[in-house]
Structure formats: structure tokens, C-alpha cells
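> Quick one: the structure is below, questions incoming.
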């Protein structure tokens, strides 16, 4: 198999592992991010992450934690295949000679380039996922548009294509998606390589055990969210915003309004579940990727 095919296959397996482990955490994150600000003197819909879990289980059962999984599951192969393949091709371009290890700074560049590529695939997938995940959090809104009930991923896509500007509507939130994916992946792949080299005691990381890969992958995933979390909040609120009567005119406007109404805390809604998700989900992703890649030769 060629290197591109190996990266495609390994990225697919890694992405599936990441999604299965991490989706329930992601559902709670989006619910917390997208719940409307409470009226003065009233409590928010969810008091915190555990309250969101309890309410979701009570109202929707365990399946509620996996709501919206259809869209990312359908595209997880393509997403991670693109991510790891573009990263692999950039590695090849930056190597001084075939097989030569890359520096941490070179891996940061590779991660940023991969982030640009996956942004165009991530944006419509995230929009569909967030609409499904946020339905119950937005149920109390007085806006008629937010009362739309979606039957599944395809129903969201049809509604957006029909009523929200066609294909362009599926790319609502592309700017904050790119602002998340580019620096986030740069940080993630840079931290991953730095930790692998630290554990290996040098640039040759081919002999690392699975335990080291799990730790490196988990901490690398945490670095992604730690570096870009406010951008993800902006992306989520824009993607679930009312198309006909929007609260926000753009990314900067959303950032300013959240900061003005809720303070810095508003930019970190759902941060706990995101960080709790990132470690096991990305540990699973990188381990599955490395094991699959190694087995393909």
C-alpha cells in the first residue's frame, strides 16, 4: 500500500475509535454551549455538566447522549482520512530525505495545513450535529425558528438546503470552524510529537509502547481544546442561531455579545465535558491510528 492509502485507512480507524468514545461528552458540551441565557432571576436550563447528563437521560434515555452521531459517523472516515492524509503529505514535503523524522515545529506546520483542509468537511458536519444535539437545550426559546424539530441528519440537511440559503447554508460558521481547526490541529500534532520524542528520549519514536502513545494522544487532544475552546463556543452558537431572526451578525459579533452578556465564563460553557472527552477520545484515536498504520507496514 502507498503511504496515502495507509494514512486513509489508519485515519478512518482512528476516527471511528474517537467518535465512539467521545460523542456523549460532545453532546453535553453542545447542550451547555447552546442553551439560551436565562432571564434575570431564573436559573439556566442546565446547572452544569452532570445536570445536563441527568436531564438528557431522564428525557431521552441513553440514546440521547448519542444524538447527532449519524452525521459525524457518516463522515468520520472522510474527515480523519483527510486530516491524517494531508498531514502525511505535508510531512513528506518537509522531510529532508525519505524516512527522516520531523521536528516538533515541522509537525505544528503539518497540523495547521491539515486543519485548513478538514475545515471544509467539518463545517457542514458540525452544523448538522449541533442542530440535533441542541434541540432540547433550545426547546424553551420563544423563537419559532428554533422550535423546528429535526428527524435526523438528513432532515437537518434538507431543511437547511430548502430554507437557509441552499448549499451556502451548510457552511454557516466556516470562519470559526477554520479558526478552531487550524490552530487546534497545529497544537495537537505539535504536542503529540513533542511528548512522543520526550518519552522516546529522541526523535526516533518507532519503539514506543501503547501506554506512551495513549498518554501522548490524550494530552495532545486536551491541548487542542485548551487552545481554541472559545472559538468552538462561537462556532456552536452561530450554527444553531435563528436563520430568519439571527442574534449574531458574525463571529466577532457573537464573541462580543457573549462576552458582554455572560463575561469570560460564557466563552467556556461546556469546557468541562470537552476536556473530559478530549483525553480518552484522542487517546483512542491516536492509538488506533498508530496501531493500524504500523500493521500496514
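Positions of Cβ are set from backbone N, Cα and C atoms, glycine also.
What TrEMBL records for this protein is below:
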REPEAT    2-93  repeat 'Solcar'
REPEAT    102-198  repeat 'Solcar'
REPEAT    208-295  repeat 'Solcar'
> Work out, from DSSP, the number of helix, strand and coil residues along the repeat 'Solcar' (208-295).
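Going by DSSP assignments, the repeat 'Solcar' (208-295) contains 72 helix, 0 strand, 16 coil.
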> For the repeat 'Solcar' (102-198), what does DSSP give as the number of helix, strand and coil residues?
74 helix, 0 strand, 23 coil
> Tell me the residue counts in helix, strand and coil for the repeat 'Solcar' (2-93), as DSSP assigns them.
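For that range the per-state counts are 73 helix, 0 strand, 19 coil.
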> Which whole number is the mean pLDDT over the repeat 'Solcar' (102-198)?
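Across the residues of the repeat 'Solcar' (102-198) the model's pLDDT averages 88 on the 0 to 100 scale.
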